[in-house]
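Trainee: Below is the structure I would like to discuss, written out as structure tokens.
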Amino acid sequence: MRISILTIFPEMVEIVKKYGVISRAIKNGILEIEIFNLRDFTNDKHKTVDDYPFGGGPGMVMKPEPFFNFFEYYKERYGNTYTILTSPQGDRLTNHLVKELSEKESILIICGRYEGIDERVTKFVDREISIGDYVLTGGELPAMVIVDAVSRFIPDVIDKKSVEQETFNTGLLDHPHYTRPRNYKGLEVPEVLLSGDHKKIEIWRRKMALKKTMLKRPDLFLNKDLDGVDKVALLDLFRELINNAK
């Protein structure tokens with residue numbers, strides 16, 4: 001898969017290529033990340049990318065010319081590519097949307113700055129995406145979040161089973177995790193995890209995931225279809241709650 005990013009701060013975005021599973025995926029030829037500097041597509045010697053807004057108001061607006069120049073160059077090089085604009089007014093980034101993006105052959109992410117981009121540039125945009133109901137100084141961090149989230153669903157980037165069991169992919173929050181030592185400052189690892197009984201461990205983990213979801217994100221149950229393991233775990237959890245209430 002190819003992911004392209006257009007930004008005025010390429011050095012900031014470059015860091016996403018250097019660490020962890022994304023770095024390995026690039027080295028293994030699974031993922032290609034290409035970063036473009038919008039200033040390289042300006043028409044003046046000062047490489048100006050912003051100007052004052054028509055109608056007045058605070059801040060600056062990103063000029064249309066560099067974007068149009070870039071898209072002419074990019075389309076000639078790669079053809080039509082699914083194009084995303086990072087924007088606080090865009091669709092909320094969700095697990096479902098991340099999976100949808102990961103199935104595309106290539107995506108292009110446009111990083112906004114200042115008060116925003118000239119509205120005429122949006123003619124090239126297929127989808128605006130927001131990572132939350134808050135405003136950042138620019139679109140570089142959202143672009144990096146999108147790259148990280150999407151790359152996890154690309155085949156062979158990480159273990160398929162790990163992705164399948166992750167929070168939101170199962171419709172539940174994740175269960176608690178433990179590692180050695182077994183006892184640390186009087187804090188014990190739950191005995192069931194040391195039992196070697198894989199069925200009991202699976203039910204315990206699902207029970208803990210259900211409990212955590214009910215307490216922290218009950219809204220997730222609205223879209224959750226409970227399977228057999230869920231029902232057994234939920235029944236076990238209810239029994240535990242009833243016994244504790246006695």
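The backbone N, Cα and C atoms fix where each Cβ goes, glycine too.
So Swiss-Prot lists the following for this protein:
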- Gly112, Ile131, Gly132, Asp133, Tyr134, Val135, Leu136: S-adenosyl-L-methionine binding site (BINDING)
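Tell me about the surroundings of these features in the structure.
Mentor: Within 10 Å of the Cβ of Gly112 (S-adenosyl-L-methionine binding site) there are 25 other Cβ atoms, across all protein chains.
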Trainee: Give the sequence-ordered list of residues that share a chain with Ile131 (S-adenosyl-L-methionine binding site), lie 6 or more positions from it, and have CB atoms under 8 Å from its CB.
Mentor: Thr86, Arg92, Leu93, Leu141, Pro142, Val145, Ile146
Trainee: Other Cβ atoms within 10 Å is the metric here; tell me which of the binding-site residues Val135, Leu136 scores highest.
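Mentor: Per the Cβ count within 10 Å, the most buried is Leu136.
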Trainee: If I restrict to non-local contacts, at least six residues apart, and a C-beta distance under 8 angstroms, what lies near Gly132 (S-adenosyl-L-methionine binding site) in its own chain?
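Mentor: Set apart from Gly132 (S-adenosyl-L-methionine binding site) by at least 6 residues yet with Cβ under 8 Å, we have Arg92.
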